[in-house]
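Positions annotated as GTP binding site by Swiss-Prot: 77-84, 160-164, 214-217. Residues or ranges marked as domain 'tr-type G' by Swiss-Prot: 68-267. The transit peptide annotation in Swiss-Prot covers 1-54 and is backed by sequence analysis.
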Amino acid sequence: MFSRLLNRGNGGVNKNITSGLLLRRTTTTTTRLSYINNSPTLSIRSFCSKSTTITSDEKLDLSGYTTDRIRNFSIIAHIDHGKTTLSTKLLSLTGTLPKSIYGSGEDSLVQKEKSEERREQYLDKLQVEKERGITVKAQTCTMKYRNKEDGKDYLLNLIDTPGHVDFSYEVSRSLMACQGALLVVDAVQGVQAQTMANYYLALDSGLEVIPVINKIDLPTADVERVKQELKDAFGFHPDDAVLVSAKTGVGITDILPAVIDRIPPPQEPTKSPKVPFKALLFDSWFDRFRGVICLIKVVDGKVKKGDSIVSAGNKQTYEVFDVGIMHPEQRPAPSLFTGQVGYITPGMKTSKEARVGDTFYMKDFPVEPLPGFQPAKQMVFAGIYPVDSLDYTQLRESFEKLMLTDSSISMTNETSVALGMGFRCGFLGLLHMDVVLQRLEQEYGQVVIATPPTVPYRCLLTDGKEILISNPAGYPSAEHLSKTFEPMVTGHVTLPTEYFGAVVKLCMDSRGILTNQETLEGNRTRITFNFPLGEIVTDFYDNLKRISSGYASLDYEDNGYQESDVAKVRVLLNGEEVDSLSAIVHKSNAQRYSRSLVKRLRKVIDRQMFQVNIQAMVGSDVQARETISAMRKDVTAKCYGGDITRRRKLLDKQKEGKKRMKQMGCVELSQEGFLKLMKSTNDDD
């Protein structure tokens, strides 16, 4: 049948059928009667299978958008201030969202609510983002917009960024592709810690910042107070703020005209008849069919399919297989021009080749590389092990696939006596670690055991050599150690004044040193502490939210290393060290930590036929000890009287047997026991 269709002349119908077959698209057409303005209309809807093949007629021509009609901007804010909802509203305003997520006028109320929810979370692609209601990965989208003031069409490139401090690296690299930013502030909560951190990131990048006060529809919104906070904190004039409600759509139409009017266009191209191509790589992800897809900002020249480009970082040459923009999904275009943001498919096989901050240029026209980014710096390390040791290979493959979309993770092989083979992984923060573990389970079906998070310590040895320790098991012994330096951070806590005493006590208990205190508008205070990173990567943030009823916010940045009096706490079971339970703690906290640990261990270790001694030691000093008594068999049960020496003989024989068993026996902490220990640690927190 298929061959007959191909051999039937060039009639219109047969030609169309042949084209459809060559495109490998399965299309079903249905006819339905719908009502528009209370009048029946006949609509034809086509449902296509998931094929990414797009004909050349569907490609966008971007050559008409000169740099003066292009605006590149990000949306930055503190977590949960409404960035993604606002971004999706702008996509809806410009007609960029696909119609399939809108629903029809005949949909039920439940269907409409689901449609509304899909629209609000459209830019949150990952399942973990939708479940937690947070943005983890920055998302890019290009919008076409006709400005009513001058009647011109503009190309607006929007980047929705994360708000949590763990993902500030995503924000910083996104800002490098922009000339401006919308600083979104909650009309109820006002300026928070991450609001200030993101503002200064934008300021350091030389961006024009437009303040946007969101959620003005809430009954508790205080717009005038937030305007004053923006003025005091950043120097904005009260009239500079755009007032909106991303939920209801109030004021949304004022944002894009402000973007066009106040954010400068990309720089003019070099005045030359042949401008050499130069582009900045600011993001990438992996597609198993097409390889690495790179998001770029074209600084000069243009790039099209078939061009040969060179990476300034690794000096390798790549052929461009595809070019396009995110509108909102991948949409092919003949070329990308100066000032435009889009994607290219250069045929890279691994994401390691796509180094964020790299410069691309044409093969025969080398250029000066652009200023790049600082690589992501891992702040928290943990051991990750499969629940079943047979799943080690699958876990490694799953991690490698995940790292293709998140290059900020580091991974090295590690072996534990208790848990077997696994990995020592580095993360940007505790939330980042939690998100990665959740993605491993949801996207790859890998349930893992994670050891307590640690931070990297610098150790100066007696021979003058300096080493970096991220695994407590590798901490050097006292006779080989000269000094230890622990990582420090500068933490900024913004809180209502009524919680000041409790928050300061929490910071002091976490070995924080107060360096600054500032009174803000609206009965709020901002305090600055120098913290050891190891004190705040576990339960500090949760405790801060608990004692402040959720109103306090935290932001922190790296502050180098500082000499510290820390020690390694070793755990011994009948004299045998369990490496996976080792920890590095400050000596002032060593005894309290040790007592808590051995008590929890006593609950999860099964009783043996011999006595089990649990010890927590620092050097040769025992900090805490617990004993699990042996199970005892009543060997005298068969004695019904008679000489007492018979009973003593049986008891002495049992005692001698237990002594030999203790010498030869081995106490093992099972994976189930280790998992219970980790859960009890979280419960205690």
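Note that Cβ sites are derived from N, Cα and C of the backbone, with glycine treated the same way.
Neighbour density for ALA77 (GTP binding site): within 10 A of its CB lie 29 other CB atoms from the protein chains shown.
Within 10 Å of the C-beta of ASP80 (GTP binding site) we count 15 further C-beta atoms, all protein chains included. Secondary structure at ALA77 (GTP binding site), as computed by DSSP, is strand.
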